[in-house]
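A.B. asks: To start, I am sharing the structure in question, which I have written as structure tokens.
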Amino acid sequence: MSIEDLSPGTKAAVLAEALPYIKRFHGKTIVVKYGGNAMTDEHLKSCFARDVVLLELVGFNIVVVHGGGPQIESLLARVGKKGEFIQGMRVTDAETMEVVEMVLGGQVNKDIVNLINQHGGKAVGLTGKDGNFIRAKKLMLEDKDNPGDLIDVGQVGEIVSIDPTLIDHLDKGAFIPVIAPIGVGKDGETYNINADVVAGKIAEVLKAEKLVLLTNTPGVLDKNGDLITGITPKQIDEMVDDGTLSGGMLPKIGSALDAARNGVKGVHIIDGRVEHALLLEILTDHGVGTMIKSH
């Protein structure tokens, strides 16, 4: 059932429930990492765009950071390359970096901007190379099997600094920044940065009220596959150690935890496969995922 199918009475109740949250978060910044099925399913894409526009219209400052894994994989396959991941990070040689920048900074970013604008928003597409607002350096991963050794994953970046000036100007003009996770090095080199990490760091720098990460799962799941609605750093460490959390969830969890520890008041990992998941998480009493607690 969609919102359009609800009875007038139920719709009124939903709006009444949302009012305190609209008052509470008016003028606040919410950073949204957009990825997963919500980016590939046409109906979910429309729901997401409408959610973003509505939240902006009622007075929230929305900043969107997006991924684009499936689209990158599709183009890599067309040029005869296969994606490789280590500890949730995409191994990025020079040719892969060209594909990543083409897909994220071109195709995906502009598609999202266009979709939001079609639904009445004023979205502006950016990469971290615009105004050099995301400065990065080469990331080397620790080899978990051989402590002390490092793994070279190519042109994968680690954030050095984020200049919020450009985003602040867009927010003040009621524009919605849509950011592709590409950074620039001190000598102009291009870096592919994990989108969850970029979203988390932007949330920290902007002193955002909330960071919301959309995923293809209900949230953080325990060993039995059951949803954990709230999780602490200690629990996260235990789940990483025993392998419950692994792969692509590692940078997501790490980013969420860092944001929670560095002043972002609400950090949520939610199910992007749910219609209007963003509205449900922000404007209702019961969210649709996992909240990361700072302690």
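Note that the numbers count up from 1, one per residue, in the order the chain is shown.
Including glycine, each Cβ sits where the backbone N, Cα and C put it.
The substrate binding site annotation in Swiss-Prot covers Gly68, Gly69, Arg90, Asn192 and is backed by sequence analysis. Positions annotated as site 'Transition state stabilizer' by Swiss-Prot: Lys33, Lys252.
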A.B. asks: Max Cα-Cα distance in Å among Gly68, Gly69, Arg90, Asn192, the residues listed as binding substrate?
C.D. replies: 12
A.B. asks: Return only the integer: C-alpha distance in Å from Lys33 (site 'Transition state stabilizer') to Gly68 (substrate binding site).
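C.D. replies: Each residue's Cα considered, Lys33 (site 'Transition state stabilizer') and Gly68 (substrate binding site) end up 11 Å apart.
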A.B. asks: Between the recorded positions Lys33, Arg90, where is the Cβ count within 10 Å the lowest?
C.D. replies: Arg90
A.B. asks: Among all the protein chains here, how many other CB atoms are within 10 A of the CB of Asn192 (substrate binding site)?
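C.D. replies: 27, counting other Cβ atoms within 10 Å of Asn192 (substrate binding site).
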A.B. asks: Please identify, from the binding-site residues Gly68, Gly69, the residue with the sparsest Cβ neighbourhood, meaning fewest other Cβ atoms within 10 angstroms.
C.D. replies: Gly69
A.B. asks: Could you state the whole-number distance in Å separating the C-alpha atoms of Arg90 (substrate binding site) and Lys252 (site 'Transition state stabilizer')?
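C.D. replies: That comes out at 14 Å between the alpha carbons.
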A.B. asks: In whole Å, how far does the CA atom of Gly68 (substrate binding site) lie from that of Lys252 (site 'Transition state stabilizer')?
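C.D. replies: A Cα-Cα distance of 15 Å.
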A.B. asks: Report the residues of the chain - excluding Gly68, Gly69, Arg90, Asn192 - with C-beta within 8 Å of the mean position of the site's C-beta atoms, for the recorded substrate site, in sequence order.
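C.D. replies: Here the non-site neighbours turn out to be Gly67, Ile72, Gly83, Val100, Val103, Leu104, Pro181, Asn194, Ala195.
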A.B. asks: How many Å separate the Cα atoms of Lys252 (site 'Transition state stabilizer') and Gly69 (substrate binding site)?
C.D. replies: 14
A.B. asks: According to DSSP, which of helix, strand or coil covers Gly68 (substrate binding site)?
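C.D. replies: The residue in question, Gly68 (substrate binding site), is coil (DSSP, three-state).
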A.B. asks: Return the count of C-beta atoms lying within 10 angstroms of the C-beta of Lys252 (site 'Transition state stabilizer'), excluding that atom itself.
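C.D. replies: Its Cβ has 25 other Cβ atoms within 10 Å.
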